[in-house]
Amino acid sequence: MPTLENPVQTKRSFKTKEYQKMIQGELYYAPDAELDEAREFAKAVARQYNDTLGNPKKLSNDELKKYRAAILSQVMSFEDDGSSVYMEPPINLDYGLHIHIGKNFYANNNCNYLDVAPITIGDNVLFGPGVQLCTATHPLDIATRNSAQELAKPIKVGNNVWIGLSAVILPGVTLGDGCVIGAGSVVTKDIPPNTVAVGSPARVVKEIDQK
């Protein structure tokens, strides 16, 4: 179990070819030993973060923010020092290493980040409870899928985006600046800036006049 004083692996580098294939969006062998180790580390970091629920150490608000940012920085990267990032525990991470978060980010509880490929989140972004960002996907043909090979495509969330309760963002999606995703939506395609998208699959239903 990692601790702030003695993290197990911080911003580790990978030697395996499977990792290179994974981040390049190619088919890769998911049970690769090095990838298994990285996922287990991310789960340990998530558990450490989730243990701060209820502030059992009785830290001040500023101390708690710094403590949580230090935990997440074992895997994630931030535009600033992470002090403006507030993610309500519990959270779930796949690797954590592929998540980059901008300034003034708020995520409500039970959000899930399957960051097999990069997840990039802009500034001033809001997530409702239970939002899922899923970069991972599987081959359609049975033989390849049963060989434990997988794929991943990056997700990009622009600036000033609001994603509602229990929305699911699927692999390869870009959410344009200023867009709003309705609660429970399943987003399968890019959403233009300054629009509202709802439904499954999500469709644009309104343009937002930011003036």
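Cβ from N, Cα, C; glycine included.
Residues annotated as domain 'Maltose/galactoside acetyltransferase' in TrEMBL: 19-80. DSSP places the residues of the domain 'Maltose/galactoside acetyltransferase' (19-80) in helix, strand and coil in these numbers: 35 helix, 4 strand, 23 coil.
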Per-residue pLDDT averaged over the domain 'Maltose/galactoside acetyltransferase' (19-80), given as an integer: 93
